[in-house]
Amino acid sequence: RESDHRAWTPVTYTVTRQNATVQGLIQGKAYFFRIAAENIIGMGPFTETTKEILIRDPITVPDRPEDLEVKAVTKNSVTLTWNPPKYNGGSDITMYVLESRLIGKDKFHKVTKEKMLDRKFTVEGLKEGDTYEFRVSACNIVGQGKPSFCTKPITCKDEIAPPTLDLDFRDKLIVRVGEAFSLTGRYSGKPAPKVTWLKDDIVVKEDDRIKIKTTPTTLCLGIVKSVREDTGRYCVTVENSTGSRKGFCQVHVVDRPSPPVGPVIFDEVFKDHMVVSWKPPLDDGGSEITNYIIEKKDTHKDMWMPVTSATVKTTCKIPKLLEGREYQIRIYAENLYGISDPLISDEMKAKDRFRVPDAPEQPIIKDVTKDSAVVVWNKPYDGGKPITNYIVEKKETMATRWVKATKDPIFPGTKFKVPDLLEGCQYEFRVSAENEIGVGDPSPPSKPIFARDPIAKPSPPVNPEAVDKTKSSVDLSWQPPRHDGNGKIIGYLIEFQKVGDEEWKQANLTADSCPETNYKVTGLTEGLTYKFRVKAVNAAGESDPAHVPDPVEVKDRLEPPELILDANMAREQHVKAGDTLRLSAVIKGVPFPKVTWKKEDHEVSPKADIEVTGVGSKLEIRNTVHEDGGMYSLTVENPAGSKTVSVKVVVLDKPGPPRNLNVSDVRSDSCYLTWMEPEDDGGSVITNYVVERKDVASAQWVAISSSSKKRSHMAKYLMEGTQYLFRVAAENQYGRGPYVETLKPIKAIDPLHPPGPPKNLHHVDVDKTEVSLVWNRPDRDGGAEITGYLVEYQEDGADEWTKFQTVPMLDCVVTGL
């Protein structure tokens, strides 16, 4: 039965199963059902459903969502949108589940706990460079449905697209004043570009008239009630990290011109016509002036009459005038966009007005020098015709005749420098004006002037300063004045003032006592502080004083010594023997240091000239000898400190004598000489040795070697038995040193050896106190004749031999035994 009816309706015939399908129900209605069992005896009681059942399609999980799309990707986020499933399973969607999977992993992970019923979500916190895919499922009361199809793999990186720009305006736009205009267009780009508007390279700012509107895809610059100042080159720049695009438009805001610029000049006035001129408008309205409209009006009438509207020049002839009448002229400027307000002239009478110019007023004389003067005058009335020339005349005051200053025309200036004056003479000047009618009357003469250079007092000296001081004086220095007043600077006056006093005292009484730009102020009191000032003086008088900026305390200034070495004070100084040795250095220090020169920590040689000046010191040794070489030192010392510099001086000379000359291996025709190098090589390398010999009977030395570099020599070709002396000298690039000589003569003989022992010594007779001995000659005599035989005896058992005698023969009788 229907839930709102009471009557039950059978829905099936007898069934034997425990289930039945009820057909013909109405969707959306609620029903109760009951069932009774029946057997052969009859029908049992009904069992009724406990609650009504609403008829509707069965509820399932929803279908998969559709159209899952990626809308935006950055380096750490992805934005997705999707549409609901075609079928929600018979129940409202309660939430969506968005899942992601990192490419390379197996599992999907739920992205968020949010319900996301607006079907749009931005997944954040992703890692740049990683690649993901996404899917989404719908949930209803039954549960979670199938997931949507996965997105394509998405790599997290900022989307980049260069800007694009599509403009709705052309390169040129012309707008009338007061009208509105707008510049619009569309743009795109990723990341979202920045839009900038410029006018003539200056950023456009919004105000009451200027509006800028920018959406994510469109741009617009609008100007309401445009004015002439809006004319310019407009530029829109669309820029992001990948690049920029620009669009340009030259906007011309045009208007009718401003009025021509006055005043109206009457260039020519005649009894029946005039010629007038004017200046173009300051503003042509943004469009070229096409023509001027000129009108005239008789001042007795109120009606303006046209003259012309076809002129483009800024001058016009006004014809058909009545003599004696006064006229006004009115001028309009016209361009493509309209006619300006008029320019109206003053009144002008139509009449002939030509005559020579009036006389100028008395001229003024300026800038007089010893040979020139500048004459200045005012322009007189020109008599109706333009002035074409001025005539300047001069005369000496005592003379009567005026002379033209120049034959050249003087125009349009109203001053002229008259040259070629005689120094010391007194002159007057006058001026006449000339037009095409003729020359007018001359001006009254100028006041007389003398031709000489003007002298004014000089300007003050420049940058006075105290450059040094002692306990009783201060040295001042300054630069000459910038302007000498056209007079020679005679000199300077120096004044000083004790700090605290009012009176300035003069350091010098006359300027010519200090012609230079420095001065030493003396006689000051030690420990006091003084101010100083300097004045420049020329024939016109004293300048204003220039003050030394700061007061100066009078005391000895202490500056430690300082040495500035000259080139001859390098670490080592070489000088040839006989030349002059010069050592010098610039010395600074306050007070001036004490100067001490030393050689090897001892006093320098008395032959040295030492000079000390206020700026340095010099040591000079003339005719140097080898002994003048050594280590020289210069010491400067004052109470603030001391400083020492040293220089090694090498006097380059001939070498000294060789040492230890020795003769060995003497033979009958040769001997061997050896020696050692000199103790002193003269400061230069020994280049060779010279070896000489001399027969003792001869006075002449003979060279046997002059180029040997060795310290030994074999003297050959000697005469046997002759006695010789030998000598050796060393040479370097500066000459030959002294000789060293053998101490005694050397005889040229072969060397002698002791003779051999006598042979066959035996006795031939014996007595009680004597023994007779004989022997034979030895085998070798040692290279010389045997001169005798030495006989010795020894008592048996004793240690010592006793000499008996030397005998010439081969026998001997030893006695006294």
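Note that Cβ sites are derived from N, Cα and C of the backbone, with glycine treated the same way.
Marked as domain 'Fibronectin type-III' by TrEMBL: 1-58, 64-159, 259-353, 359-454, 460-557, 657-751, 757-817. Per TrEMBL, domain 'Ig-like' is recorded for 163-252, 561-646. What TrEMBL lists as region 'Disordered' is 455-480.
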Report summary line: Comparing 1-58, 359-454, 561-646, 757-817 for Cβ pairs under 8 Å with the domain 'Fibronectin type-III' (657-751), the winner is 561-646
Query raised in the report: Using DSSP, how many residues of the domain 'Fibronectin type-III' (259-353) fall into helix, strand and coil, respectively?
Result: 0 helix, 50 strand, 45 coil
Requested in this report: Take a look at 1-58, 163-252, 259-353, 561-646, 757-817 and tell me which one has the most Cβ pairs under 8 Å to the domain 'Fibronectin type-III' (359-454).
Outcome: 259-353
**Report entry** Residues of the domain 'Ig-like' (561-646) by DSSP state, where helix covers H, G and I
**Finding:** 6 helix, 53 strand, 27 coil
